[in-house]
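For reference, Swiss-Prot has these:
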| type | residues | note |
| --- | --- | --- |
| BINDING | HIS111, HIS115, ASP308 | Fe cation binding site |
| BINDING | LEU139, VAL140, SER141, GLY142, GLY143, ASP172, GLY185, ASP189, ASN280 | substrate binding site |
Amino acid sequence: MSAIILGIESSCDDTSAAVIKDGYLLSNVVSSQAVHEAYGGVVPELASRAHQQNIVPVVHEALKRAGVTKEELSAVAFTRGPGLMGSLLVGVSFAKGFARSLGIPLIDVNHLTGHVLAHFIKAEGEENIQPKFPFLCLLVSGGNSQIILVKAYNDMEILGQTIDDAAGEAIDKCSKVMGLGYPGGPIIDKLARQGNPKAYTFSKPHIPGLDYSFSGLKTSFLYSLRDWMKDDPDFIEHHKVDLAASLEATVVDILMDKLRKAAKEYKIKEVAVAGGVSANNGLRNSFREHAEKYGWNIFIPKFSYTTDNAAMIAITGYFKYLDKDFCSIDLPAYSRVTL
């Protein structure tokens, strides 16, 4: 009998629903919220209200595109955390009510696990090459920077993580200082393609082990701009492409330095990247260069799977469904939770 899983994602400012049948993606609908751009960041209350408006039509559209009726669903998987509590509660509450009304199992999914397992989403007509266990996954986003040893679908170990800011957060804040707008990641990425990555040098942390730190880079960037603008008030406008390229190169160097160490220490050649920052062109190019130089088998997600989406929640739910790993209807959402 087929396993058809509805996945629901509402951890931040994207409302998403997806349907997976026997591991194959049938639909993935994402509704993004433009309302936050005017505020230079996500406003939790506005995000929660938008989720309430979007959740029903998004789920309806996901089922419609999949050609599946709600009565055919085997289970409902939802993001339990981490994320914004007000946003999470919308998805969690809907999933509970929907599953209960249909009399089908409920499956809680860790948002971070979903990003890692996005590499196992299969789609008809696409090349479906997946990493072999064990593999390393660099999970980088606005809220997380982690090196994860993935031993199985349900067995992961964090080898290193940021002790302060995440990589994506540092990029967004530096972009904001430059007056480039929100979200900063895609803007920096676009500008960096036109600039010289060696034009400027910024501070790199010396953190023991496999942990990361990006607060020093952020401070170095801010102080450097302040000094340069004393001599030239229009310095940012005149040099923004080189600034973006140098910032991006520094972040990528920091990320890849620790990932190389992890790959060498654990003798692993299967290496993946996941999370919002995995859409960055400089990071993707660095992965390809490392694959050629060190013989890595690399796995870079489709752009549609880098940002928050329900397809990754549905595939994680599918694996948990096969293990009959269901949750109780009284399970709470968690704004802060690790793997």
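Each Cβ is built from the backbone N, Cα and C atoms, and glycine gets one as well.
Known features from Swiss-Prot, placed on the structure.
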residue : record                 : DSSP (3 states)
HIS111  : Fe cation binding site : helix
LEU139  : substrate binding site : strand
GLY185  : substrate binding site : helix
ASN280  : substrate binding site : coil
ASP308  : Fe cation binding site : coil
Ask   = Counting Cβ atoms within 10 Å across all protein chains shown, which of the binding-site residues GLY143, GLY185 comes out on top?
value = GLY185
Key: Nearest of the binding-site residues (HIS111, HIS115, ASP308) to GLY185 (substrate binding site), judged by Cα-Cα distance   = ASP308
Query = Taking every protein chain shown into account, which of the binding-site residues HIS111, HIS115 has the largest tally of Cβ atoms within 10 Å of its Cβ?
reply = HIS115
Task = Work out how many Å separate ASN280 (substrate binding site) and HIS115 (Fe cation binding site) at their Cα atoms, rounded off.
result = 15
Note = SER141 (substrate binding site) has its Cβ surrounded, within 10 angstroms, by a count of other Cβ atoms equal to 25
